[in-house]
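Visitor: Pasting a structure below so you can have a look.
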Amino acid sequence: MRSIKTVHVISAHAEGEVGDVIVGGVKPPPGETIWEQSRFIARDETLRNFVLNEPRGGVFRHVNLLVPPKHPDADAAFIIMEPEDTPPMSGSNSICVSTVLLDGGIVPMQEPETHMLLEAPGGLVKVRAECRNGKAERIFVQNLPSFAAKLDAELEVEGLGKLKVDTAYGGDSFVIVDAEAMGFSLKPEEAHEIARLGVRITNAANKALGFDHPENPDWRHFSFCLFAGKVERTAEGLRAGAAVAIQPGKVDRSPTGTALSARMAVLHARGEMKEGETLTAVSLIGSTFTGRILGTTTVGDRPAILPEISGRGWITGIHQHMLDPSDPWPEGYRLTDTWGAR
């Protein structure tokens, strides 16, 4: 067995969404900040292609690179690589990273709770993990400040006509549509159509509405479309279905932590969710994330919330991705039969 490159990975998922973690074999990319390092990875694409493309990856996989933190108080830092984006933050990936750090013994576990400060490309996030018998059983992440951008905006989508949408930021950027109004009951068998239409809606929103982050001029696009289910009030708090279409055309298996944060920001802006209340989002496979509004703040001149999200993660395996020098596809390949719903 020979290899000119060996990347060491601990595989994990958070409530169904794959979020592998690179723990060795890759040196930190250049950059004075974690954000600058993530921009290098996005531009260079060598590592992204190696781990995300076939034959090592696929459209179903996200991969996180552990790097030394830049902030002196941070316990660890990570860069998120999604199928088409290298985003500021990800809820499911932060849960996967936290699970790997603790269950993998990289950060010492304290029972019944372990507290960590992680540095994501978009900023610092506080993590609290409920731990028992050597397992991080539930991860709580204080996400980046989240805000509603546009409410009840009109969006023309070819073949769908005029839609009423909200746009928001929850650590990543979303266009949000009413699932019921689009004819969806958020069942597993609707996944392909949700993915297909979601990408069309996202692309239309990028052309017609645009997105800008008041404090991050590099982030100027919508990444995802959230199909938002009806909010119900229960004894345990608010509850709603959620399905997020991810570029180039797949549905998140988890409820998507950044989407949950974005939706809470929209509900708060409408006066439909208060500080201290919780919203449980339910994915197409029935998994859940629970969000809570911890407080309020501003992002630039925009009112924002301080969201907390929580969910569970599990390690699924350990892998060594290798590259034989005779392999004619050192960065892999992708084909449209799987790379994008059509």
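The first residue you see is number 1, and the count goes up from there.
Each Cβ is built from the backbone N, Cα and C atoms, and glycine gets one as well.
Residues or ranges marked as active site, proton acceptor in Swiss-Prot (evidence: similarity to another entry): Ser90. The substrate binding site annotation in Swiss-Prot covers Gly91, Ser92, Asp252, Gly257, Thr258.
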Visitor: Cα of Asp252 (substrate binding site) to Cα of Ser90 (active site, proton acceptor): how many Å, rounded?
Guide: 12
Visitor: If you draw a 10 Å sphere on the Cβ of Gly91 (substrate binding site), how many other Cβ atoms land inside?
Guide: 34
Visitor: Under a three-state reduction of DSSP output, how is Gly257 (substrate binding site) classified: helix, strand, or coil?
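Guide: The three-state answer is helix.
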Visitor: The record names Gly91, Ser92, Asp252, Gly257, Thr258 as the residues that bind substrate; what is their largest Cα to Cα distance in Å?
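Guide: Between the outermost Cα atoms of Gly91, Ser92, Asp252, Gly257, Thr258, the distance is 12 Å.
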Visitor: Under 8 Å Cβ-Cβ from Gly257 (substrate binding site), six or more apart in the same chain: what's there?
Guide: Ser90, Gly91, Ser92, Ser94, Ile95, Val141, Asn143, Gly170, Gly171, Phe289, Gly291, Ile309, Gly311
Visitor: Based on DSSP, name the secondary structure state of Ser90 (active site, proton acceptor): helix, strand or coil.
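Guide: DSSP call for Ser90 (active site, proton acceptor): coil, neither helix nor strand.
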Visitor: Should Asp252 (substrate binding site) be counted as helix, strand, or coil on the basis of DSSP?
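Guide: DSSP call for Asp252 (substrate binding site): coil, neither helix nor strand.
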Visitor: Relative to the Cβ of Thr258 (substrate binding site), which residues of the same chain, six or more apart in sequence, are found under 8 Å away?
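Guide: Listed in sequence order: Pro87, Met89, Ser90, Gly91, Asn143, Gly170, Gly171, Asp172, Phe174, Phe224.
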Visitor: Taking the centroid of the Cβ atoms of Gly91, Ser92, Asp252, Gly257, Thr258 (substrate site), which other same-chain residues have Cβ within 8 Å of it?
Guide: Ala14, Glu17, Ser90, Asn93, Ile95, Val244, Ser254, Pro255, Thr256, Ala259, Leu260, Phe289, Ile309
Visitor: How many neighbouring Cβ atoms, not counting its own, are there within 10 Å of the Cβ of Asp252 (substrate binding site)?
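Guide: Excluding its own Cβ, Asp252 (substrate binding site) sees 29 Cβ atoms within 10 Å.
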